[in-house]
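A.B. asks: Okay, handing you the structure first.
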Amino acid sequence: MKTPITVTVTGAAGQIAYSLLFRIASGSMLGPDQPINLRLLEIPPAMNALEGVVMELRDAAFPLVNEIVPTSDPDEAFAGANWCLLVGSVPRKAGMERKDLLDINGKVFIGQGQAIARSAAKDVRVLVVGNPCNTNALIAMHNASGVPSDRFFAMTRLDENRAKSQLAEKAGVHVTEVTNMAIWGNHSSTQYPDFTNARIGGKPVTEVIKDTEWLKGDFITTVQQRGAAIIKARGASSAASAASAAVDTVRSLATQTPEGDWYSVAVCSDGSYGIEKGLICSFPVRTTKDGGWEIVQGLPVDAFSREKIDATVNELKEERDAVSSLLKH
């Protein structure tokens with residue numbers, strides 16, 4: 001039997017985690033023969049609710065689950081963690097400015113970054129799902145002294161999946177036909193779903209979908225505004241689709257990317273495509289056969305794409321500047 005992998009999930013009694021934990025426990029994320037230790041972090045007022053989730057996890061009797069540790073202590077939660085899925089964050093409430101949200105969450109992610117540095121495994125990898133995820137990841141990364149910056153990721157796979165779904169529907173094909181879909185920038189309404197480099201059935205999207213006006217207009221805005229549309233329709237934010245995207249992200253990071261394809265995840269910029277070094281920005285990324293990752297290089301960026309990328313990167317800079325006092329320089 002393989003050695004168990006320790007997976008820490010924060011915000012473990014929340015809606016996204018409720019969908020996510022059962023996918024992890026079933027083997028969807030790390031494979032059908034990989035045992036898992038689950039370490040679940042919550043704030044003290046949510047510990048009763050978390051106990052209920054733990055009861056359900058136990059009642060499902062998943063063969064792959066080796067142990068389950070619910071806790072409100074970050075050091076206990078991150079002890080020996082190989083994967084940290086930082087799902088918990090304070091949601092934006094009516095009348096709250098984005099800056100307020102950045103500040104409140106900033107304090108949470110400082111503490112989690114420090115606890116990861118103290119307690120996690122040497123090979124730890126950290127995926128931030130809780131919004132604003134790019135800047136939350138930046139704060140955690142800056143405060144996780146000794147943990148390499150290439151271990152920190154923020155999730156834009158939900159945006160990629162939404163974009164693929166829209167393109168497939170428009171083209172009248174199965175979603176698996178859509179490949180090479182890059183999301184650039186921030187996981188926010190400024191993100192840029194890049195149809196110019198995407199493919200449908202191996203052909204450039206623009207050869208399959210001739211409606212350029214739709215591609216440059218409704219397609220982009222639908223993907224950018226999808227989260228808000230779901231809240232309006234459902235009365236609650238997207239939880240199951242976010243959990244599914246987190247599973248997809250970890251699976252993509254953990255397995256070699258098929259030749260010629262890529263996936264989207266926000267990583268610490270190395271200056272590629274003129275995007276300022278040090279920002280946590282979404283790029284097209286590939287996982288290499290040695291288990292590392294790399295930003296896909298040499299993609300054409302036309303004037304339309306450049307304008308869209310610059311706009312979302314500017315928002316990332318503004319967010320970074322708003323939390324600069326929380327970053328270790």
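Easy rule for this one: first residue shown is 1, then count along the chain.
Glycine is treated like the rest: Cβ placed from N, Cα and C.
Found this in Swiss-Prot, in case it helps:
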| type | residues | note |
| --- | --- | --- |
| BINDING | Gly11, Ala12, Ala13, Gly14, Gln15, Ile16, Ala17, Asn105, Gln112, Val129, Gly130, Asn131 | NAD(+) binding site |
| BINDING | Arg92, Arg98, Asn131, Arg162 | substrate binding site |
| ACT_SITE | His187 | active site, proton acceptor |
A.B. asks: How long is the line from the C-alpha of Ala13 (NAD(+) binding site) to the C-alpha of Arg98 (substrate binding site), rounded to the nearest angstrom?
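C.D. replies: Roughly 24 Å, rounded to the nearest whole number.
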A.B. asks: When DSSP is mapped onto helix/strand/coil, what comes out for Gly11 (NAD(+) binding site)?
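C.D. replies: Note: Gly11 (NAD(+) binding site) is coil by DSSP, not helix or strand.
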A.B. asks: Return the residues near Ala17 (NAD(+) binding site), defined as same-chain residues 6+ apart in sequence whose C-beta is under 8 angstroms from its C-beta, sorted by sequence, else 'none'.
C.D. replies: Val9, Gly11, Leu40, Val53, Val87, Gly88, Ala243
A.B. asks: Give the distance between the Cα atoms of Gln15 (NAD(+) binding site) and Arg92 (substrate binding site), rounded to the nearest whole Å.
C.D. replies: 15
A.B. asks: Taking the Cα of the residue listed as 'active site, proton acceptor' as the centre, which of the binding-site residues listed as Arg98, Gln112, Asn131 lie within 10 Å of it?
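C.D. replies: So far as Cα distances go, the binding-site residues lying within 10 Å of the residue listed as 'active site, proton acceptor' are Asn131.
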A.B. asks: So for His187 (active site, proton acceptor), how many other CB atoms are inside 10 Å of its CB?
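C.D. replies: Its Cβ shell of radius 10 Å holds 28 other Cβ atoms.
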A.B. asks: Return the residues near Asn131 (substrate binding site) by Cβ distance under 8 Å, restricted to its own chain and a separation of at least 6 in sequence.
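C.D. replies: Asn131 (substrate binding site) has long-range Cβ partners Ser89, Pro91, Arg92, Asn105, His187.
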A.B. asks: List the Cα distance (Å, whole number) between Arg162 (substrate binding site) and Gln112 (NAD(+) binding site).
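C.D. replies: So the Cα of Gln112 (NAD(+) binding site) lies 29 Å away from that of Arg162 (substrate binding site).
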A.B. asks: Would you say which of the binding-site residues Gln15, Gln112 has the most Cβ atoms within 10 Å of its own Cβ?
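C.D. replies: Within the set of binding-site residues, the most crowded position is Gln112.
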A.B. asks: Through the lens of DSSP with three states only, how would you label Gln112 (NAD(+) binding site)?
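C.D. replies: For Gln112 (NAD(+) binding site) - judged by DSSP and reduced to three states - the answer is helix.
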A.B. asks: May I ask you to report the DSSP-based helix, strand or coil state of Gly130 (NAD(+) binding site)?
C.D. replies: coil
A.B. asks: Between any two of Arg92, Arg98, Asn131, Arg162, the residues recorded as binding substrate, what is the biggest Cα to Cα distance in Å?
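C.D. replies: Between the most distant Cα atoms of the substrate site, 24 Å.
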A.B. asks: For Arg92 (substrate binding site), just give me the three-state DSSP call.
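C.D. replies: Assignment for Arg92 (substrate binding site) reads coil.
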A.B. asks: Please find, for Gly11, Ala12, Ala13, Gly14, Gln15, Ile16, Ala17, Asn105, Gln112, Val129, Gly130, Asn131 as listed binding NAD(+), the greatest distance between any two Cα atoms, in Å.
C.D. replies: 20
A.B. asks: Which entry in the list of binding-site residues, Arg98, Arg162, has its Cβ near the fewest other Cβ atoms, using 10 Å as the limit?
C.D. replies: Arg98
